[in-house]
Amino acid sequence: MHLLPLTVSATAVVSAASSPHAKRAAIDECLKNAKVPVTARNSTEWKTDASPFNDRLPYTPAAIAKPATVEHIQAAVLCAAEVGVKANPKSGGHSYASFGLGGEDGHLVVELDRMYNVTLDPETHIATVQPGARLGHIATVLYEEGKRAFSHGTCPGVGVGGHSLHGGFGFSSHSHGLAVDWITSADVVLANGSLVTASETENPDLFWALRGAGSNFGIVASFRFKTFAAPPNVTSYEINLPWTNSSNVVKGWGALQEWLLNGGMPEEMNMRVLGNAFQTQLQGLYHGNASALKTAIQPLLALLDANLSSVQEHDWMEGFRHYAYSGEIDITDPGYDQSETFYSKSLVTSALPPDVLERVAEYWIETANKVRRSWYIIIDMYGGPNSAVTRVPPGAGSYAFRDPERHLFLYELYDRSFGPYPDDGFAFLDGWVHAFTGGLDSSDWGMYINYADPGLDRAEAQEVYYRQNLDRLRRIKQQLDPTELFYYPQAVEPAEV
């Protein structure tokens with residue numbers, strides 16, 4: 001454990017009952033005295049740093065620290081503790097619930113996107129990654145320096161911090177697992193300002209907690225990831241599905257889940273269903289060449305009575321770019337401010353029994369397809385006997401969804417509005433989720449915090465995000481952060497003592 005080699009002090013201790021204005025003044029003075037760089041209020045930079053990814057959920061921070069060093073992070077945490085404001089790390093700022101801004105007004109935001117260095121050890125192939133690096137920058141550096149990679153999502157602007165600490169699924173996950181599975185150690189600033197290393201051998205309880213619920217226990221100042229050799233070829237593909245009526249949805253989905261459960265999807269294949277009101281497709285990225293893809297996918301095509309509508313072979317970075325939906329990949333500019341207005345929900349489920357599948361299909365056709373906003377549903381082929389995600393032992397970290405049968409599909413339900421989000425919009429996705437969960441045992445479904453749903457209350461959110469791991473997480477929270485310095489509305493609660 002490394003204690004901060006400096007002290008910080010506000011002019012006066014600010015009580016918990018002090019006004020927001022008094023706390024802002026106190027945190028400003030404390031950060032100034034500690035020489036922590038900050039974002040000036042009412043500046044253009046403040047507008048960017050305080051902007052949410054979800055425009056539906058803007059919040060006003062008490063202050064924004066923009067550290068350039070680990071010592072700055074430590075000092076910022078100590079200032080928050082002394083003044084009595086909650087602190088939240090913000091890596092890329094893509095939280096669907098604006099948790100990087102605190103999920104409410106009045107928090108200290110520790111804006112990490114100025115700390116984005118990535119280095120690769122040429123002998124061990126371990127990547128050292130600062131917490132503000134975005135996925136596109138990481139992918140670019142690892143490939144350019146050594147043709148290496150680790151498994152992560154497809155959006156280049158997403159920050160590594162929240163993404164990897166809470167899962168991190170993408171088009172290499174069926175082959176290589178989640179981003180969280182590639183973390184070998186991390187340097188973490190705790191609520192008392194100390195800097196500790198967490199790994200299998202150092203602070204193992206913290207390391208376990210970080211790998212699935214990391215934002216609750218501290219601010220990661222540096223990650224170390226193992227990497228794999230990027231394959232020389234990957235192949236993107238699309239298959240149009242005739243899911244235009246509920247019977248076709250039931251038939252096609254049923255065939256797909258049987259194929260997945262029975263080991264038909266090889267490890268090299270990564271796949272999702274992408275559906276909206278206008279079309280439904282299977283999309284994916286095969287880790288191999290086009291010829292190998294066509295051979296591997298032929299049994300599924302026969303089951304679905306379908307054909308490949310698109311096949312493109314790429315090198316690794318071209319494959320990443322294909323599904324990035326972004327012209328820019330190597331993003332390091334702190335001025336990056338992509339945003340949308342939306343509501344989103346998630347699910348992780350087992351295979352769907354016939355009655356649930358029929359209810360979900362009916363909702364899709366009769367309700368969802370009549371909604372004329374820009375909604376979509378993504379159904380990721382997540383589990384099954386060949387999935388690297390569910391091959392990880394359940395106790396390896398606090399990430400909860402590792403059963404190859406009970407955790408077969410990962411869903412993102414996303415409803416975007418191009419104006420103010422309508423008051424009746426929430427019922428649309430809530431109803432769709434209920435169509436799934438109404439017929440499933442609670443052990444057969446959960447939710448994924450990287451698609452956070454702010455409509456859940458705190459107790460429900462903790463339960464569906466962490467399931468069997470919640471009690472242990474609460475005990476570790478009590479040990480490391482009993483006063484909940486690292487708080488947001490769905491944060492893990494400390495265990496009662």
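Including glycine, each Cβ sits where the backbone N, Cα and C put it.
It should be emphasised that the depicted structure is a prediction, and the values quoted were computed from it without experimental measurement.
Binding of substrate is annotated in Swiss-Prot for Thr154, Arg272, Glu412; the matching candidate from Tyr116, Tyr363, Tyr451 at the same site is Tyr451.
Looking at Cys79, Cys155, the record from Swiss-Prot puts Cys30 in a disulfide bond with Cys79. Sequence-distant neighbours of Thr154 (substrate binding site) (same chain, six or more apart, CB under 8 Å from its CB) are Gly170, Phe171, Phe320, Tyr323, Ala324, Tyr325, listed in sequence order. It is 20 Å from the Cα atom of Asn233 (N-linked glycosylation site) to that of Arg272 (substrate binding site). Under the three-state DSSP scheme, Cys79 (disulfide bond) falls in the helix class.
The two recorded residues Arg272 (substrate binding site) and Asn307 (N-linked glycosylation site) have their Cα atoms spaced 16 Å from each other. Residues Thr154, Arg272, Glu412, Tyr451 are listed as the substrate binders, and the farthest two of them sit 16 Å apart at their Cα atoms. Across the structure, Tyr451 (substrate binding site) and Asn245 (N-linked glycosylation site) place their CA atoms 28 angstrom apart. Counting other CB atoms no more than 10 Å from each candidate's CB, the glycosylation sites Asn117, Asn233, Asn245, Asn307 peak at Asn233.
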